[in-house]
Every structure is written in structure tokens, then in C-alpha cells.
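Residues or ranges marked as domain 'tr-type G' in Swiss-Prot: 25-239. Annotated GTP binding site per Swiss-Prot: 34-41, 113-117, 168-171, in sequence order. What Swiss-Prot records for 34-41 is region 'G1'. Taken from Swiss-Prot, the feature region 'G2' applies to 92-96, supported by similarity to another entry. According to Swiss-Prot, the feature region 'G4' maps to 168-171.
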Amino acid sequence: MNTALAQQIANEGGVEAWMIAQQHKSLLRFLTCGSVDDGKSTLIGRLLHDTRQIYEDQLSSLHNDSKRHGTQGEKLDLALLVDGLQAEREQGITIDVAYRYFSTEKRKFIIADTPGHEQYTRNMATGASTCELAILLIDARKGVLDQTRRHSFISTLLGIKHLVVAINKMDLVDYSEETFTRIREDYLTFAEQLPGNLDIRFVPLSALEGDNVASQSESMPWYSGPTLLEVLETVEIQRVVDAQPMRFPVQYVNRPNLDFRGYAGTLASGRVEVGQRVKVLPSGVESNVARIVTFDGDREEAFAGEAITLVLTDEIDISRGDLLLAADEALPAVQSASVDVVWMAEQPLSPGQSYDIKIAGKKTRARVDGIRYQVDINNLTQREVENLPLNGIGLVDLTFDEPLVLDRYQQNPVTGGLIFIDRLSNVTVGAGMVHEPVSQATAAPSEFSAFELELNALVRRHFPHWGARDLLGDK
């Protein structure tokens, strides 16, 4: 146990009191992103070091690793605390998304250290999908680069509203206020292309020296704003899902005995209370909430993000993938939608292809009707393309095999976020954010039966040399 943790436990009056205090702290998930060698891993290492989250044996190992792999001469190479893969240490870069956890007296944190290289865009999108704040590192010597713009775009595309522009390596430009001001103005000019409801803050710092990371810098008296840690501790995160209507995707039907039938899942948005009238989609059947069951016993109400089991007053047909919402809300099912797609497979996404998709616990199929455009994520321009390559981001039109109940991703990431699954290999090949549900569901009959579709998939998987075409994708 490190000395800082031991002191915190002593101050709280014991382990149990400390654990209770930890449970009631707010949690902030954030990611660090920037161009290669901007100091992302060093910054996280500095945060862990200066908040005294490193154990003595880790510190001793860090001294030895700094001599073997370090790039900072006689100084501690704090990036080695985060760059865990052997390939990362040898190359001095970050490849995979590395998660780290730490806490202060005010808040708990989960950090995602995401790769800066363009070929790892899919890794960054994965890390950003669960975060509420993004730290965008900029090398003070280089200013705003294409990768800075790319990371800003991806962060906002995935719903992040709080951006902290950390202008790093100020020690290498003699802590120049003019350099900081110029980069700040350049970024604000670029940010005019981003959504207008963003909270953007700027902090000049040196992750290597510790200036303005966890403590105020004496080398930059011209900067009177908060340190990076103070920003992280005090930023107010207002979750969009709290103000949205009730959405409860059913993950599991729990029937341990003949006297109990409950529907388990995580409340995606809004709130639910005992006695509330709810509607099941897509069937449209209505009922009342009889009980809200949790691990700690029954509750009278539940809020977004809580894992609960709902018991209804009526015995109705509900299965995994169905959606419960307030009975008085009119939410039509849709057969198609425009979707922002981050493509993650070597084989490009092309019109006419079909994939399994998974959204809020429901699995179905979708066909790619067309690609409206691909976004050049370096300058945010749009261009027409025939297919979407690996790490490409674009707006795609999808038609679903059955009616779905969708929200826009910016309103509800759970009922607006989906993944693409290759039907032969069962590998996740893309991530999608619903841009707009575009048409109401129609009762058009299917050309092929479910048995024929399953048989077709089986033949193409085990007998590819037969050359059987995909009945859904017509390829």
C-alpha cells in the first residue's frame, strides 16, 4: 500500500469508512489524445505520480525501466507507467487503448490513453465511446496539426462535450505566453467547424516537469487559470441521458421460479418508478411497473445508468432486445436510418453488403444501401467515395431486416449506438452512431424465409467454394 492511500484510509477512520466515501465520489471518464510524441503517456504518468497513486515497488521498477527504455536521460520516463506493451516501449509510441484508474479527495477518474497514429483511429474511437471529457495534447513547438483536428472531430462525433486543450512541452518554448496565445487562437478558429455546444478550455503545461499538471507553475506567472487536475476535479458533467425520456432495453428475462418473472437490464435514460405505465416495443403492449428489484432490495424509483429488474403487473410476451418506455410516448419504429460509421475492418464497407448489427441488446441484420460521403478527418471536408476503407469515417444509409426503435446517438448513446458484425467470422467490423432515423417502418414482406436465410449463411460459411450469393446483400 502506498503512503498516500494509507493516509487517506487513516483520515477516513478505517477501511470500511474509506470504501463508503469512495462509493459516493463522482466518477469522470476522460481520454488523452494528440499527435505522436505529444506526451500523452507522460501526462498520465505525471498525473499518477503527482497524485501519489504509484506504489513503492512500481516506482523502483520505473527507475530501472527508465534506464533501460527511457527517453528522458537521467529523469524518470513517466510514460513507461502507461505504455505496457513491449512493442510500445520499444517504439516509444502508444498502440492500444490503455486504461488507468486514480482518485483524489474530490473525484474518481478512469483514463483512456489512446493512440495518436491515424492507422489506429479505430482504437481511439473505442476509447472515446465511453468518455465524457477529452484532453487534446498539442506540442507547443508544432501547434495545431491535422491529427489534432482529427481527434477533435472524432471526440465530438462520439458525443464528448468537454474538451481540454493541453498545450504541452511549454518548457521547450521557454514558457512563452505568445506561443500559448497563438495556438489558442488557431484552435478556436478551427473549432468553429465543430458543434457549437462545446465546453473548450486551454491549459499551458509541461508534463515532463509537472508545470500546471497537479500544481501551479512558477515558470508561467502570466497564466492565472486552474491546473489540469483542478479542471478535471471541478468540471461539471451533465449527462444527456438524465434529461432524456425513459428507455429500458431488456437484456435478460429472469424467471428463477413460477412466482417471479422480471426483465433485467440497465436503464439507458430517464427514470422509472413503481406504478408507472409503460409500453413494450415493438409489440406496443402496455402494462404497469409492479416492482423495481435491485441487488440491495426493492426500490420505488430508478435512474439512468442503474442496473435493475422490472416486474410488470401483467404477464406479457417480452424478450431480449425489446424496449420499454413511457406509455404516453409516441416513438415509431423505423426500417432505415442514416448512420455515422467508423469502419474497423481491412475489407472496406461497400453498398450492397449486409451485416449483423447489435444495438441495445438486440441483434438483427442490416443492408448498406449507400455511402453518402466519407469525412476527411484531417480537414473535416466531405468527399464522395465508392466504399469506406479501414479507419474511414462516413455517413452511410442502412436498411434493417426488421423494424427497430432508434434514437439519435447524440440524444441517447445506448439506443443510438450500434456495431457491425461480419456474419461469417462473427468479428466486429465497425461502429455506428445513428445520425437520423429516416423512414417509418413498413410491413413489406420478406422475399426469403428465416430458414432460407439461415441455410444460406451456413452454406456460405462452410462451403465458400460453392460460390453461393448472399441472399440479403445480393453479392
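Glycine residues also receive a Cβ, built from the backbone N, Cα and C atoms like all the rest.
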Residues in the region 'G1' (34-41) grouped by DSSP into helix, strand and remaining coil: 2 helix, 1 strand, 5 coil
Mapped DSSP class for MET170 (GTP binding site), helix or strand or coil: helix
Largest tally of Cβ atoms lying within 10 Å of a Cβ, found at which of the binding-site residues ASP37, LYS40, THR114: LYS40
Three-class DSSP secondary structure - THR114 (GTP binding site): coil
